[in-house]
Amino acid sequence: MSSVAASQNKINDLLEAIRQEFANVSQEANSYRLQNQKDYDFKINQQLAEMQQVRNTVYELELTHRKMKDAYEEEISRLKLELEQKDRQLASIAHGSTVGNVPGQVPQLSRNSGAQGNANIAPPNIPQPMVSQTVGTGMAPQMAPLNTQHPTQQTKSNAGEQAAANLAPVIQQQQQPQQQLPPQQQQQQQQQQQSNIPVTTAAPVQPAGGNLDQTVPNSISPQQQPTEQQQPASTATTAPATASTAPPTSAPSDQVGQDHYLVPADQRAVHAKPIPPFLLDLDSQLVPSHLKKQNNDYYVLHNPALPTDLDVELHKSLEHSSVVCCVRFSSDGEFLATGCNKTTQVYKVSTGELVARLSDDSASQPQPQPQNQTVTAETSTSNSNGSSAEDGTGNQNSAASTASSDLYIRSVCFSPDGKFLATGAEDKLIRIWDLETKKIVMTLKGHEQDIYSLDYFPSGNKLVSGSGDRTVRIWDLTTGTCSLTLSIEDGVTTVAVSPGEGKFIAAGSLDRTVRVWDSDTGFLVERLDSENELGTGHRDSVYSVVFTRDGKGVVSGSLDRSVKLWNLNGLSGQKSHAECEVTYTGHKDFVLSVATTQNDEYILSGSKDRGVLFWDTKSGNPLLMLQGHRNSVISVTVANGHPLGPEYGVFATGSGDCKARIWKYSKKNSQQNSTQIKEIKE
């Protein structure tokens, strides 16, 4: 028995030793696993940090490359301009020495020579100072910010600079045909032009090195108004006004004199084009009565080269307590929403009646959020969250907001059924309002900076948003969660959803690029930027994008003062990639908003220059300019349907002058004028 007991004890000891060894091995394995996991996580995080660093380095290199490219392009343009000036000066000197021996002109020049020395070579040197005047000061009237004075006062104050700057196109136009002729014909034409130059009697002709500021304007006859402006890319968009020096009745009457008011067919996509002269002169007093419509509160200037078949009229002016940052119509066009400081207003379009004023009293000063904040949504079935609303009579349903800080509503958007209104603000929140109860039913959180743009999907169950945090987010409104996040290199300023099924979303950003994604997969399908092969992209930040009504194109507006129409034929397989079809040049300051009419016949654009331009979509010609605000036109929107009757189209504008305005437009003699426009275009 003792041997059996001893064997049993020995077995137990061995089992205990095995158990202990197993426990030690398990503990060691767990320790190794934890250590390996830590090492693995550390290496992963380190590699992610390195990748992010590489990414940032690439972005910085790209930005540096763009800046260097812009600098080189500007330098090249400047050098080209200097070479052209030198060539013209040399040609003029050579021509002057030849023409100076002509017997018929010697007595005429000798009368003005006096103590001026060899004055017979002075007239050929006149173009050089005039061209330099255009480069030096001709840019100033358009680059400077608009002040609060009336446009007529600005024109009068800048008359001195414009008078000298207006002469450059004349010289260019006279000299360009000579470069295309054989030498003998050039000499004959030069002699003919020299004999046609009137000799001034108001002041003696100065030597080549003298001051010509006072003598040059007197040596150009009034009939030598420019008929076409051709300048290098660096100065093409800053051509000075010419209409200010012309008499009120000197509007062009024939097609030859009106060519510079129209865009040639082969230059529609070109970025650098001169601004049509009628857009440069904001003094409506100098415009013939048949080319303008003027009231105490606004005026309209028509393109002299096109029939005045469009009529624009102010319907309602809606006063606000602060800057109007955004305006948006409902899908049926019956209501208009406006966003300003802390409040969103909804108006009845037909009457201008205030239907609701929405504000969230719980909103406070925007606070920074953690980098890894979870994207969530808050819902509310009552008004206990501090939101307030007013009915059409202006009576508040709850206490007024006590917040002292500004909180501008940057974007508003109606749901397709018109029952809800989405608002985006500086506090990084998206609020969904029930317009019947005037309460917040959902709050979408996740953006880390100001929200600048919103757009509903046609189905109404999704919403896209763009923010300064460099992301575009798609929200599922059935669950209140973010279903897709798209990140780019710079802040997002504007977003839009394609019509129909909402298959694509477009976004504009501070990096001068328009991107188009597939809304289902998040794949980037088009990138429309200034680095394309043709160089037809935007040269500055893109502040507004909108799809055309047929969904086949995108319209964009930029701080480079241009509007562009991009076709999306590449998405349908017709072409390998999208391209710029038309560049609309006419604004004198930043383009802040763009919109299209229902049939895509017209494009509307609002600008910091306080104007709204109507563009013919296909030709790129500006049809008219509306000046109806005393500050920047921040937002433009066009209504669907005909809320003011079948004969009127309706659009609205929001401005920094604390006003939102509803306008109506109509066409007069549509069939007759459309035929005339077609003939002019052809």
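Every residue, even glycine, has its Cβ placed from backbone N, Cα and C.
The region 'Disordered' annotation in Swiss-Prot covers 97-257, 359-400. Residues or ranges marked as compositional bias 'Low complexity' in Swiss-Prot: 114-123, 172-194, 221-255. Look at Swiss-Prot and you will find 145-160, 374-400 tagged as compositional bias 'Polar residues'. Swiss-Prot lists 319-359 with the feature repeat 'WD 1'. Look at Swiss-Prot and you will find 404-443 tagged as repeat 'WD 2'. Per Swiss-Prot, repeat 'WD 3' is recorded for 446-485. Per Swiss-Prot, the feature repeat 'WD 4' maps to 487-527. Summarising the annotation, Swiss-Prot assigns repeat 'WD 5' to 537-576. Per Swiss-Prot, repeat 'WD 6' is recorded for 586-625. Taken from Swiss-Prot, the feature repeat 'WD 7' covers 628-673.
When each of 319-359, 446-485, 487-527 is checked for Cβ pairs under 8 Å to the repeat 'WD 7' (628-673), 319-359 comes out on top. Nonlocal intrachain contacts for the repeat 'WD 4' (487-527), taken as residues 6+ away from its ends with a CB within less than 8 angstroms of a stretch CB, comprise 59, 62, 449, 452-459, 462, 464-472, 474, 537-547, 549-551, 554, 556, 558, 560, 566, 568, 570-571, 577-578. Using a Cβ-Cβ cut-off under 8 Å and counting only residues 6 or more beyond its ends in the same chain, the repeat 'WD 5' (537-576) has close neighbours at 70, 237, 271, 493-500, 504, 506-514, 516, 525-526, 528-531, 582-585, 587-600, 603, 605, 607, 615, 617. Residue counts for the repeat 'WD 1' (319-359) by DSSP state, with H, G and I taken as helix and E and B as strand, are 0 helix, 22 strand, 19 coil.
Counting residues of the repeat 'WD 2' (404-443) by DSSP class, helix then strand then coil, yields 0 helix, 23 strand, 17 coil. Mean pLDDT across the repeat 'WD 3' (446-485) comes to 96 in this model.
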